[in-house]
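S.K.: Structure incoming, see below.
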Amino acid sequence: MTASPVLELRNITKSFGDTLANESVSVALARGEVLALLGENGAGKTTLMSILFGHYTPDSGTVHVEGRELPHGKPRAAIRAGVGMVHQHFSLAANLTVLENVMTGTESLLRVKSDTRAARARLAEVSERFGLIVDPDARVGDLSVGEQQRVEILKALYNDARILILDEPTAVLTNIEAEMLFRTLRDMARQGLSLIFISHKLHEVLAAADRIVVLRGGKVVAERRAAETSKEELAELMVGRRVARPRRETATPGETVLEARNVRVSSAGGKGLSQVDFSLRAGEMLGIIGVSGNGQTALAHLVSGLVRHEEGDLILFGEPVRDPSVRAFIEAGVGRVPEDRNTEGAIGDMTIWENAVLERIWSPAFSRHGMIDRGAARQFAAEVIEAFDVRGGTPDKRIRLLSGGNMQKLILGRNLHEQPKILIAAQPTRGLDEGAIAAVHTRLLEARKSGAGVLLISEDLDEVLQLADRIQAIVKGRLSPPVAAEEADARMLGLMMAGDWQQTARDTGRGFDAV
Amino acid sequence: MMELFDIFASAGLWAAVLRIATPLIFGTLGALLCERAGVLNLGIEGIMTFGAMIGWLTVYQGGDLWAGLLAAALFGGLFGLLHAVLTVPFGLSQHVTGLGITLFASSLSYYVFRLAVPVASSPPTIEPFQPLRIPLLSDLPLLGPALFNQTAPTYLAIAAALILSYILFRTPLGLAVRMTGENPHGAEAQGVNPVAIRFGAIITGSALMGVGGSFLTLSAFNSFFPTMVQGRGWVCIALVVFASWRPGRALFGALLFALFDAYQLRLQTVVGKAVPYQVFLMIPYILSIAALAVMARRARVPQALMQAYRRGER
């Protein structure tokens, strides 16, 4: 770099309790540059950016913007210095309009009247310049996630941000939205803005960044130019060892454990299911692929005993299910990894041991005469933590303090520890980093190997192709006939996900009846 | 049967509506302001009681009527400060703190009242606010006596609704308040101090509640008794939801409730012999619940209502 950096973090150290989140981290950003901060969840990326923006005060170290040191712990000072931050969880007000969200804090609180007209004109000008078009009068809660992110970026630009920090900007976006975002980011860099974005997705940092700084365990472990590195190298730098997602080995499935025949579920709010047929055998993994919002939630609920089907038959271990209940399913040996681990999978403010036994609290192993056997429950939680490598977990810690990957390992663990006969895994790796994904995949394959029938509901093509024995696509609440994984490829699955499976059969010259 | 409708044609009814509505308008605006900043203030019932007491006592001790009103605002603000300290930096449960303040303020008002005024057979009285006749306008048929022959605090209440509406929706300060009630972390990220905003909103809102209470002793009646607020504070809390957190609608809601109340009072005299009057006492509340059920379903609750704000935590 020839010119002096626009932003410089020098020797930042920050600890929370006895965890060291950042250890002597130094990063510099040049004008017009897109810098990616790559690291696994818990590597200290977000903490570092929160220090830069003044949300946290570092234990030591300094932040310099254009040569001037910023005071710690003052977001306002960061804004004034031209730093804008786009948070992972948007800091927007759902009930206010786009314009109101953008204007907040930009005028003196003592003004007798907001200058809405000037603000509107300025917003129009900024959104025009960067191609970020949003209706200024729309209520933010009515916008799509991609549009909300645009508002979040506009907010920073409106405040004259010359340095923009984006925390996991694609975590909530669809692939198309993510591509649009990266085009916008490149465009902004070309117009002289400097950007840092935080990510744990390898293809993203390679596609969008000029330079990549890799963080691991709170320290900078490497720095690479995007043009001079590769996915493999970055993966190894990020995780600290070689990671490879496991692949399934061939196996002979046993008898059918779960079967749906012409099942219909009409669910209030959200997509239902109609004419759903599938069968799941012991020791096999059935992959359900589809763009989310096509009935996956209803399907996961159906096979967990959460909703009742109105038509057709659901057959569990040879017995038709007449009066579904969650408890009956659990007692029959159905384990579940819910789609949204934060709302359905775990109760954040309860401890790890409570979460570990919650699904089976009535079991004699954990309660006697209506009293919880805390000793046994803690013991169980400790075993799960140990066996499933839940890092940073102790039985008495609140579960929300775990990272997404470790929380997911705990959820998997509490199910698999009991050797379920069926495992329902709905979007099990959503939002997880590479290391955690490999761990989850390994566990799912182990469950299959030990004879469980695994129903994998996912929108990740690679995941389904690598793990599942047979694959069905879910489109608008209907399931395609199954195809064997050996016969399927990404293109074929793509066509199936688009909905016309007869057409797919014709295009690919393959029939579905073979399976 | 016609008598039931004749009631609506009497100027007395409409004058009563505004009178009954006044404490509700102040109280609702106060609660609304707190909630817009994200804090539920169930201290309202007690703060109104204390406002009624301290306003009356100030005047009884020789103070001016306006001094009474000011004292009510001041002490309302002090209780607000207490609520703010407990709920904002300490992050205690807003429900529990609010109810605690209601119990505390109610008991304290009776205690202070008894210290100042020894038990007497009939409660001592003061000279309350007199109606202000607005020239010409008050001569209009029906509307004139109803709208333009009220006491000064009633006009003040209506003005307060308009002013609060303007502040919330037209000024940067109002936007900062609304942002804080929606997403305090977001507000902070944009350089607004959510703690300061919440303190300001709770203190100001509680002052309005105090003024609402003092109307009861300084204008509606002329003496104080400890049970006189009679659940008006709770009605205000419901009216905030009914109003979807908008001051204009709060004004409308308070007037509507007051209309039900004024109507049932007159109904008691018309058909009171056939039906026990307690039945009529229920009418405004039943109608309020019905109106609430219809209106509040579409309401957009401030997203951070009842959520403690802690810096750097999500």
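Positions of Cβ are set from backbone N, Cα and C atoms, glycine also.
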S.K.: Have a look at B:95-113, B:114-132, B:133-151 and point to the one annotated transmembrane segment in TrEMBL.
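M.R.: The listed stretch tagged transmembrane segment in TrEMBL is B:95-113.
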S.K.: Quick test of your reading of TrEMBL: among B:39-59, B:228-248, where does it put transmembrane segment?
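M.R.: It is B:39-59 that TrEMBL describes as transmembrane segment.
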S.K.: With the transmembrane segment (B:195-218) as the reference, find which of B:12-32, B:39-59, B:65-88, B:95-113, B:152-169 contributes the most Cβ pairs under 8 Å.
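M.R.: Most Cβ pairs under 8 Å with the transmembrane segment (B:195-218) come from B:65-88.
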S.K.: Do the transmembrane segment (B:95-113) and the transmembrane segment (B:39-59) share at least 3 Cβ pairs closer than 8 Å, excluding pairs fewer than 6 residues apart in sequence?
M.R.: yes
S.K.: Tally Cβ pairs under 8 Å between the transmembrane segment (B:152-169) and each listed stretch (B:12-32, B:39-59, B:65-88), then give the stretch with the top tally.
M.R.: B:12-32
S.K.: Can you tell me which parts of the same chain pack against the transmembrane segment (B:39-59), counting only residues 6+ beyond its ends and a CB-CB cutoff under 8 A?
M.R.: 23, 27, 30-31, 65, 67-69, 71-73, 75-76, 79-80, 83-84, 87-88, 94-95, 97-106, 108-110, 112-113, 116-117, 126-127, 198, 201-202, 205-206, 209-214, 216-218, 223-224, 226, 228-229, 231-234, 236-237, 305-306
